[in-house]
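Trainee: This is the structure I want to talk about, given as structure tokens.
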Amino acid sequence: MLQLNPTPPAPGRWRTILENDFFPKNRRRDIDGLRGLAIALVVLFHAGWLKGGFIGVDVFVVISGYFMGRSALMQHPFQPVRFVCRRLYRLLPALLCMVALVSAGMLWWVLQSDRADIALNGAYALVYLSNIWASGHVGYFQGQAVAYPFLHTWSLSLEMQFYAIIFIMALLLPLTRHRRLVLSAIFSASAAYCAYAWHTGDSQAYYNILDRLWQFALGTMVWMLPRPKLPRAAADAVYAAAVAVIVGAGLFYPLSYACPSWMTVFPCGAVVLIIMLPDTRVGRWCLVPLSPLGVISYSVYLWHWPGIVVANYLLFFQVHGAMMAGVLALVMVVSLLSYVLVERTGLDYENRAPVAARNRGAALLVAACLGLAAVLAYISHVSRVH
């Protein structure tokens with residue numbers, strides 16, 4: 001049976017987590033730092049402090065494609081059950097915990113009309129279809145978005161949908177050259193569709209996986225591209241320029257540059273350059289210091305938006321300034337606890353459990369998500385009827 005330890009880790013385990021997760025010796029910490037930069041951009045955007053911070057999602061998407069290329073398409077032989085279990089233990093426990101706690105804390109006191117939408121959004125989030133719910137209910141950059149604590153899970157739904165595509169590719173296409181051809185086709189078709197959506201002004205393209213597949217595919221194809229052999233000074237210069245492009249986009253991009261705008265090509269291309277240039281001095285100076293934030297970025301992403309939404313509901317006005325800083329500080333504490341007690345515990349169990357127990361645990365996680373989704377869908381239905 002799956003057992004998640006509810007008690008705080010022993011001091012020895014805290015030490016192990018700090019050493020192995022936050023200061024690893026066998027992982028590129030600059031990529032963790034890039035994830036830290038991306039989550040900082042997103043959080044500051046949602047706090048109203050950075051107008052182009054939405055670009056952090058695009059950065060995350062490319063990085064996600066890169067990691068999926070490594071864990072699925074570049075593994076020979078591909079282990080489908082282990083791949084699925086790893087993803088489920090990585091993602092479901094923290095998501096389930098967040099949706100359950102936020103739902104329990106909000107649904108009993110919000111307005112009945114809000115309760116119906118919030119509960120349904122939570123149900124869609126648990127089955128990774130939140131982007132589909134959002135496209136039919138609210139624009140991401142509209143004012144009413146702040147009323148939905150699970151709206152941010154649209155990007156997690158896109159990610160899981162891409163995982164499903166990669167899973168099918170890894171099963172059906174055993175040869176790398178075939179995978180390269182399919183990824184190139186996906187990249188080209190998605191980029192063309194994205195350009196079409198931008199040209200026609202599709203207001204819901206931001207949530208559409210068809211507009212994002214080229215970004216996922218771009219990150220995945222990094223594994224299939226030759227690594228540039230640049231002199232140290234040239235590599236540092238290119239790396240610094242790439243970091244500057246991402247930071248500049250976060251600082252100065254207007255909302256009109258959000259996906260499907262072609263302007264997202266620049267930060268996405270910058271991510272590829274950073275990934276392809278390991279061990280640079282600029283990376284150690286600029287991104288490695290952000291790596292601890294990158295390690296807990298999933299938990300930060302899960303909790304930061306509900307924290308802002310709940311604060312707005314409780315205070316009856318949109319929080320800003322020092323109040324927002326306090327909310328984000330609390331979010332960071334909750335996120336760290338979520339990482340250590342939930343996210344990390346799930347991965348530890350997946351690593352150590354016997355195969356049969358691991359597979360049963362994954363099935364239980366899926367059943368728990370489906371069960372809670374059914375409860376939330378029922379609450380939404382009852383709230384609308386009455």
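Cβ atoms are placed via backbone N, Cα and C, with glycine included.
Copying in the features that Swiss-Prot gives for the protein in this structure:
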TRANSMEM  37-57  transmembrane segment
TRANSMEM  91-111  transmembrane segment
TRANSMEM  118-138  transmembrane segment
TRANSMEM  156-176  transmembrane segment
TRANSMEM  181-201  transmembrane segment
TRANSMEM  237-257  transmembrane segment
TRANSMEM  258-278  transmembrane segment
TRANSMEM  290-310  transmembrane segment
TRANSMEM  322-342  transmembrane segment
TRANSMEM  362-382  transmembrane segment
Trainee: Who are the long-range neighbours of the transmembrane segment (237-257) in its own chain, taking Cβ under 8 Å and residues 6 or more past its ends?
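Mentor: For the transmembrane segment (237-257), the far contacts come to 37, 41, 44-45, 50-56, 59, 141, 230, 263-264, 266-267, 269-271, 273-274, 277, 280, 282-283, 286-287.
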Trainee: Mind checking which residues of the chain, 6+ beyond the ends of the transmembrane segment (181-201), have their Cβ under 8 Å from one of its Cβ atoms?
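Mentor: For the transmembrane segment (181-201), the far contacts come to 165, 169, 173, 208, 210-214, 217-218, 220-221, 224, 259-262.
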Trainee: If I count Cβ-Cβ pairs under 8 A between the transmembrane segment (37-57) and each of 156-176, 258-278, 290-310, 362-382, which range comes out on top?
Mentor: 290-310
Trainee: Using a Cβ-Cβ cut-off of under 8 Å, list the residues of the same chain that are 6+ residues beyond the ends of the transmembrane segment (156-176) and lie near it.
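Mentor: Residues 61, 64-65, 68-69, 72-75, 78, 80, 83-84, 87, 91, 95, 124-125, 128-132, 182-183, 186, 207, 209, 212-213, 216, 220, 224, 301.
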Trainee: Most CB pairs under 8 Å with the transmembrane segment (118-138): which of 258-278, 290-310, 322-342, 362-382?
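Mentor: Answer, by Cβ pair count: 362-382.
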Trainee: Cβ pairs under 8 Å with the transmembrane segment (290-310): which stretch of 258-278, 322-342, 362-382 has the most?
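Mentor: Stretch with the highest Cβ contact count: 322-342.
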Trainee: Counting only residues 6 or more past its boundaries, what in the same chain has a CB within less than 8 Å of a CB in the transmembrane segment (362-382)?
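Mentor: For the transmembrane segment (362-382), the list is 1-2, 84-85, 88-89, 92-93, 95-96, 99-100, 103, 107, 115-117, 119-120, 122-124, 126-127, 350.
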